[in-house]
Amino acid sequence: MSPSATIRKRFHAPYLDGIRGLAALSVVYSHSQNLYYQNLFYNTYNMIGQAGVHCFFVLSAFLLVYRGLGEWETWMDSRRDKMEERQGYEPVRLVGAEEADVELGDRTAPEGDIDSTVSPQPHKLVSNPTARSRLSGLISLWTTHGDPVRIWMRFMLRRVMRVYIPYIVLLLLIAYFEPISFAYGHIITPQNLQGHLSLRVAEFIFWSIPPEMEFYLYIPLIVIGYDLLSRLGVHLSRRTHRFSPTMGRWSGRALGLLILLFVESYFLYTREVQNPHKLSGTAQYFLSGSVAAILFHEAMRLDWIPLSEQEEKELEQETKVKSIATSGFAAHIVALLPTRHQAFRLSWDIANYGIFILCLATMPLLQKKILHFGVYMELEWLAGGGLYASLILTGLFSRDGSFVNAVTWSLLRFSGKVSFGIYLLHPIAFMYVNTIPSVGPLAADLLQSPADKANVQFDAVCLSFAASLALGWVFHYLVEKPSMKVAEAVAKRWLVVKKA
């Protein structure tokens, strides 16, 4: 099995869980220093929480656009094959790593339907009856069958139940339950609850919810637009006769990427820095994740993903590959040389480390000392999510590199699994840890020695981390999982997509 097929079969990369866990814990650490006064004598990474939220945006867009592309293209291809079978034509399937040069316009006529001496004219699409039937078929996709509508309704249902319903549950608890309201500084009351529920207002840590929910509405546009440009390229190649359908297909895909990059650049240089709770202030991060998803999707289509170490060993056992030089000095030299897959994995792994170090260097103090940027996170803003998207891609391409193995530590993966609960509930952990008289700011105010102050503050940070993980786990299993189960039940009952 090719590495691309393996990833398609089980695409829930533990590496991405680890990255999500790192982002969640970075938010917890940053808030411990900036909001809850558990001050350590090391403030270089006090702003890392903002980078963590931006990384959340990129990762969320990457996963959702990637899965949307796979599901949409699979359904479109199966629907096309079904239409061809109904018309008595042989369905066109994918050939190897790239699609065949035959699309809807080129059909293989069944035996006996036409005289073999008549030469086919596949490019006369205007007069070809299949062109008219194709048009009516496309219209019927959105009207009679309704499968496209069900696909995206199911997508939106899952996102609403995954993000918005847990958010509503927490808002109601904050508004009507005094102990929890105390932890959030009484920022949400029954009087202003409606504004938060409608996403018109987003205070405190909840500023990131409205732009993410708004971006969900644009994901179908990105996915369908990219797919249509690919098919449009094939159609134009057949009408003009100037280039092959494969070139037309890739030209359409390249145009789709260029459009996304142009829109990302527009939002990057016209961003509303003062309004980060709006999509116009954070769109560059979501678009960076979308571009990364498309690039990874196409890399798998072309089978450019290197084999992992385990897959390479299995391949050697299956094929029983042996070195040509069986003995002597030449055999020793050949054995020392890395294979193609090993060289690619090593290269991507080194790039992974470099990008991660560059992400850390975007912190205000470091970028001022090393890169001579301003005191604010200027480099992080200028990158527009490109650094986080590159970190995701290099990790996935390196497969089982040393950086990936480090990030897939079980604690980070667990943190990534319950990351949304950690993000929403960590103020509760901080507020109540700070009320303990023997640790945290209360204890530090009573001590004189800087070392003793640092010790009690460090104890408070560690205790807050542990409490945040515990609260996140409880919230995940009591609120998030039941909500997702309801979404799956509703989707299976009313939003089933018919198989071709």
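A Cβ is built for glycine as well, from the same backbone N, Cα and C atoms used for every other residue.
These numbers come from a predicted model, not from an experiment.
The annotation domain 'Acyltransferase 3' is assigned in TrEMBL to 15-77 (among others). Counting residues per DSSP class in helix, strand and coil order gives 50 helix, 0 strand, 13 coil for the domain 'Acyltransferase 3' (15-77).
Under the heading domain 'Acyltransferase 3', TrEMBL lists 150-475 (among others).
The transmembrane segment feature in TrEMBL is assigned to 51-69 (among others).
Counting same-chain residues at least six beyond the ends of the transmembrane segment (163-184), those with a Cβ under 8 angstroms from any Cβ of the stretch are 190, 193, 196-197, 204, 206, 209, 212-213, 420-421, 424-425, 427-428, 430-432, 475, 479-480, 483. Taken from TrEMBL, the feature transmembrane segment covers 163-184 (among others).
Feature annotation from TrEMBL assigns transmembrane segment to 204-229 (among others). Beyond the transmembrane segment (204-229), the same-chain residues lying 6 or more positions past its ends with a Cβ under 8 Å from any Cβ of the stretch are 31, 53, 56-57, 60-61, 64-65, 68-69, 72-73, 76, 152, 155-156, 159, 163-164, 167, 184-185, 187, 196, 252-253, 255-256, 259-260, 276-279, 281-283, 286, 290, 294, 423-424, 427.
Marked as transmembrane segment by TrEMBL: 250-269 (among others). Beyond the ends of the transmembrane segment (250-269), by six or more residues, the same chain brings 222, 225-226, 229-234, 237, 243, 280, 283-284, 287-288, 290-291, 294-295, 298, 382, 384 to within a C-beta distance below 8 angstroms of the stretch.
Remote same-chain residues near the transmembrane segment (281-300) are listed as 4, 7-8, 54, 57-66, 69-70, 208, 211-212, 215, 219, 222, 226, 253, 256-257, 260-261, 263-264, 267-268, 271-275, 384-386, 388-390, 392-393, 396-397 (criterion: CB distance under 8 Å, separation of at least six residues from the stretch ends). What TrEMBL records for 281-300 (among others) is transmembrane segment.
Summarising the annotation, TrEMBL assigns transmembrane segment to 350-367 (among others). Same-chain neighbours of the transmembrane segment (350-367): 43-45, 47-48, 51, 373-380, 383, 387-388, 390-391, 394-395, 398, 401, 403-404, counting only residues six or more beyond its ends whose CB sits under 8 Å from a CB of the stretch.
Residues 7, 13, 15-16, 19, 50-51, 54-55, 57-59, 62, 264-265, 267-268, 271, 273, 284-289, 291-292, 295-296, 299, 305-306, 344-345, 348-349, 351-352, 355-356, 358-359, 361-362, 367, 371, 373, 404, 407 of the same chain lie 6 or more positions beyond the ends of the transmembrane segment (379-398) yet place their CB under 8 Å from a CB of it. Residues or ranges marked as transmembrane segment in TrEMBL: 379-398 (among others).
Feature annotation from TrEMBL assigns transmembrane segment to 418-444 (among others).
Summarising the annotation, TrEMBL assigns transmembrane segment to 456-475 (among others).
Residues 11, 16, 19-20, 22-27, 30, 155, 159, 208, 211-212, 215-216, 219-220, 222-223, 226-227, 282, 285-290, 292-294, 296-297, 359, 362-363, 377, 380, 385, 388-389, 391-392, 419, 423 of the same chain lie 6+ residues outside the transmembrane segment (51-69) yet bring a C-beta within less than 8 angstroms of a C-beta in it.
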